[in-house]
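Chemist: Dumping the structure here so I can ask a few things about it.
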Amino acid sequence: MTFISFNPVKEELISGGITGVKTWKFKEKKLPLDFNPIPMYNYSLFLSTEYPHMGRKWCTNMDFDITMQRYYCFSEGHFFCYDISGKLLLEILNAHERSIISCVYSSNLNILLTSSKGNEIKSWNDQGCLLHVFQGHSKTITKLLLHPNTTSLFISGSLDGSVKLWSFDSMDSFYSLSLFQEGILSIGTMEDKFLYCCSAHNVHIYDLNSFTSFWSHVNSPINHFHICSAVGKSNRVAAMGVDNSLRIFSVQTGKKLCTVLPPPYPPMLQPVLSFTYNRNCGTIYFLLTPYDIWIYTA
């Protein structure tokens with residue numbers, strides 16, 4: 001046996017291992033009335049259902065999704081998903097080169113995340129197609145969690161001793177916290193407000209009092225931006241990239257409304273000296289050199 005979990009929906013204990021998956025009921029058993037050695041002596045676990053085929057091969061590890069009522073079975077680098085009745089919903093053969101350790105499914109985004117004894121996190125769609133590979137950890141990723149308050153974020157813990165927050169929107173890590181040199185064995189959340197991190201000898205608890213909401217995405221790093229306003233018009237954000245391209249966004253939605261491509265000179269190694277945006281007239285001004293101003297309409 002490699003795994004146990006409790007299903008509060010059906011009030012069943014779940015056990016998994018190389019013989020498949022079994023569910024158990026904790027209930028009263030009939031014994032002689034005069035047989036009363038200890039309290040609750042007449043309660044025991046009774047086998048409810050058995051799925052020996054789950055995982056098809058030896059189920060080296062597994063997880064249970066309480067919200068979706070799904071079994072996730074891992075057989076080395078292979079992944080299998082079953083519903084509560086034991087019906088196979090999805091299989092991904094050779095999902096990882098090494099044994100799968102953890103997985104989590106985002107029902108808001110319909111994205112499955114898997115991690116293994118390697119240092120990669122992979123994301124998959126409902127058809128089992130690979131969407132993206134998240135890289136940033138240097139050792140085994142031991143646990144994946146969805147952020148309890150922000151659907152666009154997930155959390156990972158690793159034997160490299162770090163916890164990372166990742167964004168589904170930018171497909172990258174935006175925050176990392178190094179905790180233990182000995183490595184993180186497990187992470188979890190409490191009351192949707194606290195994150196606990198465990199190593200072999202230590203436990204740290206953090207308040208998830210900081211969260212981020214994705215606003216917009218750009219392909220070039222931004223070095224200057226400001227909000228532009230005009231009477232009777234909505235505000236805009238003008239952002240200058242390091243490649244000398246300018247982008248204008250809606251403040252309310254983060255939608256990109258306009259892109260000004262880099263001018264032919266100065267070269268990208270030499271930034272535009274200055275820029276400004278007239279929101280009222282919809283004109284953009286680039287100061288390319290001390291003697292040249294280029295004007296664009298947005």
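Every residue, even glycine, has its Cβ placed from backbone N, Cα and C.
So TrEMBL says this about it:
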REPEAT    93-125  repeat 'WD'
REPEAT    134-176  repeat 'WD'
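Please go over these features one by one and say how buried each is and what sits next to it.
Modeler: Among residues of the same chain six or more beyond the repeat 'WD' (93-125), those with a C-beta under 8 A of the stretch's C-beta atoms are 60-61, 63, 65, 67-68, 70, 72, 74, 76-79, 81, 131-135, 137-146, 151-152, 154, 156, 158, 160, 166, 168.
Note on the repeat 'WD' (134-176): DSSP counts are 0 helix, 25 strand, 18 coil.
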Chemist: Give the mean pLDDT for the repeat 'WD' (93-125) on the 0 to 100 scale.
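Modeler: Reported value for the repeat 'WD' (93-125) is a mean pLDDT of 94.
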